[in-house]
Every structure is written in C-alpha cells, then in structure tokens.
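Heads up: the structure comes next, in structure tokens.
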C-alpha cells in the first residue's frame, strides 16, 4: 500500500500489475520500492514487444537483464585496465627518453669540461652551469675581444713582423723559441738568444731543448712538453695563482688548443762574443741570476736560470704544410710549445757579485735651521766613514773646509728663499780618515703647509770622485757668484797647497816691489821726476778668473768690491788690511770696455807726464764721473777761486766749508761694516800708486798692494811752484767731502786711493764723486772763507 502510494504513476500506467503488487504477492526479484521502480522502468520497453504471457516474460526479462549488467561490468573493468597499462607504459617510455637525454647532455658537458682547461684544472667537478660559463670564457679568450682580425694577425698596421718581434723581445729581455712537444726539437729561435745566453742561433737550430737545459731539469722539461697520459704525474702547481690543482693527468687539457705553460729551468750559457751595447744590462742580470748556482768551475758549462712562459699550439699551423724532407712530415697534426725565455732575477743576490756595483756614493741627511744633523742615512759609513751617531747633533759646517764654510752657509740661506726648490753646492767635506772629499750637496727645505715655516733641510750628499778633473757645478741663479769676486772663486777652486804656494810667491813679489818703489821714490826730488814714472814699478799680478761670468765689464757705478761684499773674502785672506779692502772703481773705463783681459799682464810702458794733472805729488784719485750738470757746477765754482795762489791750500777743520746737506751720506758711511774698512783712510797702508786708466783692479792677494808706511815723508808739499802750471786746478779742492775732515795732510796718509762711496738712498746712476775733482788733493795750506764761493747755493743737495 505504501508502494502504491509512493508510486501512483506506476499503478496507473500498469493496471494489471497494480492489484497483485498491492495484495502482497511480490515477485522474487522485488526487494524494495526503489528496485521495483527501476525494474518496472526497464521492463516497459520489453513489455511493448513481448507477445507471450505476462508471467513467463517477467522471469525471462529478469535473467537477461542481470547477465547484461555483468557483461557491462566486466567490459568496463577491462577497458580501465588497458588504459592504465597504456599510461604506465607511456610514463616508462618518457622516463627512458628523459634518462637517455640527460645522459647524453651529461656526456657532452663532461666532454666540454675536459676540453676547457680552467674546468679540468679544478679540484672539484664543477656543475653544469659553471662548465658552460667557463667554456664561454675560454672561447672568448681564444677568439679575442673582437677588435683584432680573425686571421690571427694581432699586430698594428704600422708595424712589420720584424719590428713587432724586436719590440716584444726588447721589452721582455728574452728570446722566442718554438720546440716540438713530441721530440723536443727546436723549430725556431730568435736572434736575441745571443745577448741573453751568449749563444748563436746556429747552436740551437738542429738541436733539442733537452740539450740546452741542465741535466737535472730534463725530466721536468719533458713533463711540461708531454701531451699524453702519464701515471707518474703528481700534483700540478699553478704558478700564477699558487694553488695546488687536482692530482692526475689531464690529457684533454694538455692536448687542447691554447694550454698555457710556465716553468723555470737552467739553460746553458755560451761564450760567444756579444755586442757590448746589448750586454750592458743583460750581463749584469746574468751575474745576478748565478746566485744560488754556485761558483763557475773551470771546464764546466755555465748555466743560468731562465723563466719560460708560453702556450701549446698545433703544429703545423692551419694552412701551413711541412716540406717533404722535414722529419716530422707525415706524422699528422702535432703540438708545439711557443714560449719566451727570460732571465730570472733571483730574490737573494750574492754580496760578492754586487760589491762593485752597489758601492754607495751618497747618503741622505736632514738638518734643522741651524744646520745640525737630525737624521743621517746608514750609507754615510761607506761614503764618508762616519757612523750615523757620530754625525747626529753636530753642525755640518764643522765638517766643511774653512774656506768653504761661508759658501755652505750662503747656500742654506738661498735654499730658504727658494721655498722647496733644489739647490746644489759643492764643498770639501772632512772624512773620518781626515781626508778632504769633494761633496756635492743637493738640498731643499720642507715647510709646514699650515704655518708656511721652514722646518728642516733635506740634503742628498754625493761623493764626487776625481773632483780635480771635473768642473765645478754651476750654482743656480740665486747665488750671484759675480758679486763674490774672482778672488773667492779662485780660492775655492784651488787646493790648499796650491793656494799657500801662491801666497808665498806673492809675498816675495811684494817685498821686491816695495824695495823698488822705496828706492825710486827717494830719488824723486820734485814734480819733474814723474815724467819718467814707469808702470813697471806697480805691475799688477794677473788674475785668472774662475768662470766666464767674471769677464763681463763693470758698469760705471759698479765697484769690484761693493759694500755688501761677501765676508768670506777676509776669512780667506786675513793679511789684507782694512784699507786694502776698500771698494775700487775706475772713472776712465767706459761701460762697454773690459776692465782687464783674463790672464793678461800689463806691459811696462812709461807713462806720459801729462797724465799727472794734480798740483801735488800725490797721484790723482780716480773717481767715478757724474752727470754733466754736476761738472758744470764745479767748473763755475773753480772760476770764482783765487787764480794767484801758487800751491794747493791746506784746510783746517775750522775754516773748511762744510756741506750740511751731505751729512746723511756721512752717517750712512759710518754705519758700514768695519770688516771691509770703508771710509777708513787714516792708515798709511794703501794700494800702490796706479793712475793708468783701466789699471786699478783687485788682486787675489796682498802682493799687488804693498804696505808703505814711510811714503808720507817722501812727499813734502810743493809750495813754491808757480801758478802758471796749474792755474785752473788750484781752487778745485773746495769741494772736498765732509768725510775727510780731520785729515789735513791728506796726501801724506794715502796715495792713489780709488774710492767709491755708494749711498743706499742714491741710485747707482748718480755717483757721489765727480770727474772734475781728479786733482783737488794738492797742498792744502791756504784757508778759504764762504765769501769766495757766491755760487755755492747751486750745489745740488744730497739729503735724500
């Protein structure tokens, strides 16, 4: 009832079965409502075509339906099983294919790894990515950067093959050689093997490289040339990186193209003659390379250490065929080593080999502002013999020659002015064995960059050998050697013994000249004797100047010894008195005329009497000529003088006209250094009488200027001479400078003194003395008053 209620459609569709099912007589195949529905639905199609009875057809349909379901189930399971098998087989096939592909890739990458030297040389097997990266790098290195041509010509277009070869070999200081890897036969060697190994090319051609190396190095050389398997090969040391490569023989690496070789061996050195030009440095390297090889024994071959670097290349090259008579022809493609051999400089040179070359000749020192050693290089022991501690704390001037001490001081002063520039000076240095060594010192100053103050002197002291044959180095422009005078330069260039002998000769000549002058002066009664006055009585010694720079003519206002004269002059010649150190000048020498020729002597020609224009016996004072305006003023002064006076007047300090405007000049002169005796006219020692134009000059010693203490007594004032002889010269003495006050008998105190009174405030073009005053130093007996000089106000003031 429930089934009928649940399936109303079924009951209405099948009315014949409805009551049976409803009455509780279900069929054997009916177990529930759901199954009945399904079977009823499936049976509907069968009922439409069944002509038999309803009951029999019902049981038959149930059996047929069950059998069909079983068949479908079994067929479905067979299909599923076959598809699973197919999938499994497909997966197996794919895995096998992938396995084979991976195996092939691994094999190819392994082969590529063996072909790349950088990969095969690694201690561990690299991964595939590393192998590919190294292979690409290796191919790039073989092919180059791309800037070179593909045919292998890597030389510039403007260089030939020979020029390129010579440039490479010259830069490498070695020789190029090519040897066969199989036999070791020398295929090629460059001609530079001669200066390197003293062997001609003929000794290498036709021989093997094994014949040229040391017997103990043959095995190592054979190992470097080998390209086959060798079970005895041990670890490989990379000389470039210093790392130990993996053990075993890498045949692929050793046979591959571009494999690098670098090894050190001992090669035989010949005895053939070599061009000295090419041996100058290589022979020195050969001597150094013998270190550690022991001394060369008589009769044994001479070996040197050679460093060979190169690459393994295919032989013969591509496109090159060997001749038929070549012993290696027909053997197929072989390999050869193309390398450059260079002399290996050892790290520990032998002292005996380098004793003659490394002998130090200079040392470096540092000094403070006073010149005291603050640092000394250890090479001073071999240069001057002193230990560094013996020089520290001492002044360098203490070790300098007395004649060169001032020169060294001046050089230090000039270095301070140069502010960092180098100045060289040469002086004599006292070594520890008490010998004088010529030392060239190149010094410069180190200044504090913040305060700009000089801190220390840094000097490089070089021992100059055979200094007597070498010219003195020219000092820089900062030291004006012309101001030092020829005497100082002459003394610095002469040895001590030569200088002493020269002074002795000059002293003897001084005594002879003094005796001759004293005898002739005693014989001169008056003015007439001056007509026979010869220049031979006061001959001047020729002075050989030290350099060409001293031969230039002196300017009009330039004295040979000026006020700021170098003080070393008095140190070298202490015998020169104060008056003899005065400044000298000549008014009769033009600006373009040379004072005297180098090394020339003055001929003893007698002087004409008209050269002596002075009214007294005192020779005229040679004075620098001023401008023409000053001469005209003095000429006007002389015209107002008394023309009837027969002799030169003698002035007293009370009646002498004083020029107050010239007092600053006197004050300036008094402040000068007493070392050179400027304005010191009281002493009787003076230069000998010379009034010849161009004659006055400086002498290297005191011989040319003898001391005559008794000359004043031989020249009494000539008061009886007539006025006709010297009418225009009698009153010109009124212009005497106020510096000469107190020197009334002036002609008795000095004769022929040649003065230069330089004033620092007055320019050099305006000297202080004039040409018209040549003869104003006569007998100054008469007195004058100021009324006799109405034009005195025209005299230009010198207050400035």
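Each Cβ is built from the backbone N, Cα and C atoms, and glycine gets one as well.
What you are looking at is a predicted structure, and each value in this text was computed from that prediction instead of being measured.
The stretch that Swiss-Prot tags with region 'Disordered', taken from the ranges 411-432, 433-454, 499-520, is 499-520.
Under DSSP, the residues of the region 'Disordered' (73-95) split into helix, strand and coil as follows: 23 helix, 0 strand, 0 coil. A C-beta separation below 8 Å, combined with a sequence spacing of at least six in one chain, links residue 77 (phosphoserine) to none of the other residues. Residues belonging to the domain 'bHLH' (89-142) score a mean pLDDT of 87 in the model.
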